[in-house]
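Annotated features, as they stand in TrEMBL:
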TRANSMEM  B:12-32  transmembrane segment
DOMAIN    B:62-254  domain 'ABC transmembrane type-1'
TRANSMEM  B:68-90  transmembrane segment
TRANSMEM  B:102-125  transmembrane segment
TRANSMEM  B:131-155  transmembrane segment
TRANSMEM  B:176-198  transmembrane segment
TRANSMEM  B:235-254  transmembrane segment
Amino acid sequence: MAANMTSADTRGSRLRWLVIAIPLAWMLIFFLIPFFNVLKISFSTRARAMPPYKPVLTMVDGLAGLFDKLQQFTAANYLMLVADSKYWLSYVSSVQIALCSTVLILLVAYPIAYGMARAPRQWRTTLVMLVILPFWTSFLIRVYAWMGILSDEGLLNQLLMHFGLIDQPLRILTTNWAVYIGIVYSYLPFMILPLYATLEKLDETLLEAAEDLGCPPMKAFWKITFPLSLPGVVAGCFLVFIPITGEFVIPDLLGGSGTLMIGKTLWYEFFNNRNWPLASAVAVVLLLILVVPIVIFQNQQQKQAEKAR
Amino acid sequence: MRRGLTWFNATSVALGFAFLYLPILLLVVYSFNESKLVTVWTGFSFRWYGALLNDKAMLDAAWVTLRVAFLSATIATVLGTLGALALVRFGRFLGRTVFSGMIYAPLVMPDVITGLSLLLLFVSLDLDRGFWTLILAHVTLTMCFVAVVVQSRLVTFDRSLEEAALDLGATPTKTFFVITLPLIMPGVVAGWMLAFTLSLDDLVIASFTTGPGATTLPMKIFSQVKFGVTPEVNAISTILILVVATGVIVASLITKRREVERQKAERLALQG
Amino acid sequence: MAGMAIGPIRRSFAPWNDPSAKAFIEFRNVTRSFGDFTAVDNLSLKIYEREFFALLGPSGCGKTTLMRMLAGFDAPTSGEVLLDGQNLAGIPPYKRPTNMMFQSYALFPHMTVWDNIAFGLKQDGMPKADIAKRVEEMLHLVKLETFAKRKPHQLSGGQRQRVALARSLAKKPKVLLLDEPLGALDKKLREETQFELIDLQQRLGMTFLIVTHDQEEAMTVADRIAVMNHGKIVQVATPAEIYEQPNSRYVADFIGEINVLEGRVSASPSGGARLECVAAGATVETRQQVDAKPGDQAWFAIRPEKVRISRDAPADPSVNAVPGEVWDIGYLGDVSIYHVRLASGATMKATITNTTRLVERPISWEDKVWMTWSVDGGIVLTK
């Protein structure tokens, strides 16, 4: 409404322009444009040089040189992703692990968020802070903590053997079980918080009205509470699903050689094999898989932001 | 279904918090373990904290990490606040969809993709990788988080406060610094703290974008952990947890006290 | 600033009737559209110096947009806004000689009462000593001397309202704009404050422009009222004229309670207006000159307090009288409102002042009654 308020004030509008231009330029240079660079390099071939790929486009080539170099681009890296089962199995397994753990996290987070939202009002801020607090402590350290718990001589096995539930240590670390535990643990706050935010806003008189109209509490939950908390469910699911799909630290530290996840594959391709073009191709395909959920997530966040206005 | 805690609600909250805190608690406890084996308790000792003090590489990494976190959080806070203003205040402008997409996407973008793409950019630009490329990378990652935090503060901001300042003769620039900025300050501070801890915490993007001479603490911890669990890592983790937890708790206590004082004042005003 | 005897002067204050008077604020063919929506539609209006002027209308009628164009927060799509002969186009809000009291008060929460009031003066670069003097003056004016050090959240609603008022008056603006200034106060405080506002406006001799949707508030405080609807002004007149001589059914209906009977104009032997209200079963005569031909559709509007109600038939039941049956009685303490069902099925209301403490009513439910009114009681409307 006040869009043209300062239209006459050129100093104001120049300032206004700067406010948009600075962060926009930053994100263009350091976020958007790099993706096209990755795309370009994914069509290159590996080289024993620095940078370890070719062709390297430079200004001094001239047009003829540029044309010559353009012909060196190849789709071989992408063919490799299809041909070698290690790669496409990584994608399938990443998405599978991400989907399963998203459902698991939702199942664990919902009762916690629900309980928090129904807690006495004066406790709620403290409870929210307690959920956020672990999030402030290092992600790496929290994953590391689980290594000590889940290892063969770890606390969990000691405890289970102490109570005589098992005679031999269970192998948990370096299996997908450990990966699931680590993921659920690390991403839990990201699900609890959006769920809590919607559940806390829920008007309790709606439930009283439902009961008054003859709806038993359990049914009222499914008919009233759950549908109204869906925005939180959706936000939470995207907030955990997308980063889990590309997760590296958890499968690398808690998983074993049998744990295939694409973040790990990309990391090894880049750091251990130094195959930058192939790593780029892996990243491009991962991005293509995630582009739909990311766009949905953005739209949802934008809508929420507009609604709050 | 009623107000207050039913046994079901109480149990789920209690179990949830136990799950969240037990691993961290164990980590802290075992940092005081005498034994070199992390999982076998032999006695209380500050041994590993002493070892940490003599580990120059670890201390160097910690110093690099702190400087990177401080600088990148500060730059990211300025940029992120501008970004939030652009999103909330300037309605529709050319490229708004692209812009808001670029603000929200990094929140969920897998670190490996962000890290790789930034690295390839730095290589293409022929930038020497190290301290400053790390800062560029962390600013890019964290400014979006700052923008989202500040944005949530801005959308609830009463625009008529700014209009009143303009109406009383303050120029738009002055209005921003005298009215808007002081009032969104809690959001800006929270954004800075978030950016600081995200930078402190980051392993993946730092591994891609840093160079020799600028190894960060998470990278150091990661390489130690890869060799196996060591009590020294427990010790440094405990210190980190303590520092961050103290910071967060103190910050939230201050806000809470202000809130209580405010409510008290409001009650008094209503009576008087 | 001292309390002058303004009462008698006030009574003759009517610059709008003086063709030579110069408008202080003028809207010339102002239109403001937001996309497809036209908030203000080719509107022209003159407001005079020292006038207390009210913009009245339902929400979304364009009254707030009109005020914001004067303050500079909005600009006309076409047309001009003039203040004291100066075209305001292109002047940003912080350079305009107007100040506004916001509906939410918009008190700066991080500043004390003193700093809030001093804010505008500081922007003008006033010397510190003068600022202090002026702020003290303002605090005295709104009787908040002892609250200078408090922050807005330490004040009650009424005190906040007075701080907002003091802040917007501190710079001695040419026009004070009041955007629903009393909306947040409870009824009793609101009524008190209305009279304080009138008193203040007369003492300061300033021009006040108030936006409100509350017709009682507009009637109480304003010298003149502009009733707005869909971005247009329907009528501009004094409160008494608006109430007694509405120019349309819209204004009649918006201000207070009114009965409206639909009918057709017929030739009148007395030279006034004559209306055949067939559906209601009544013939209406007034002394008014109506710009309509016989056979044209018109409406007769009469306030409930101007309708007499009686069980006895009048001397001449053929004119300005209608029979009916008491359908409902609303007892409000000071008055009772009788809802009377006419033969046509329509309902008419008549208000009776309860002058005695009678529990038993002379007229009761289902009584057959006659409603009558004088030739000056109602008004014939053609739109």
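Using the three backbone atoms N, Cα and C, a Cβ is placed for every residue, glycine included.
Within the chain carrying the transmembrane segment (B:131-155), a Cβ under 8 angstroms from the stretch's Cβ atoms is held by residues 64, 67-69, 71-73, 75-77, 79-81, 83-85, 87-89, 102-107, 114-115, 118, 122, 184, 186-188, 190-192, 194-195, 198-199, 202, 205-206, 208-211, 213-214, 216, all 6 or more beyond its ends. Remote same-chain partners of the transmembrane segment (B:12-32), defined as residues 6 or more beyond its termini with a Cβ less than 8 Å from a stretch Cβ, comprise 5, 38-39, 41, 44-46, 48-49, 231, 234-235, 237-238, 241. Within its own chain, the transmembrane segment (B:102-125) is flanked in space by residues 83, 87, 133, 136-137, 140-141, 144-145, 147-148, 202-209, which lie at least six positions past its ends and keep a Cβ under 8 Å from the stretch.
Within the same chain, residues 96, 99-100, 103, 131, 134-135, 138-139, 142-151, 154-155, 184, 188, 191-193, 195-197, 199-200, 214, 216 sit at least 6 positions outside the transmembrane segment (B:68-90) and bring their C-beta atoms closer than 8 Å to a C-beta of that stretch.
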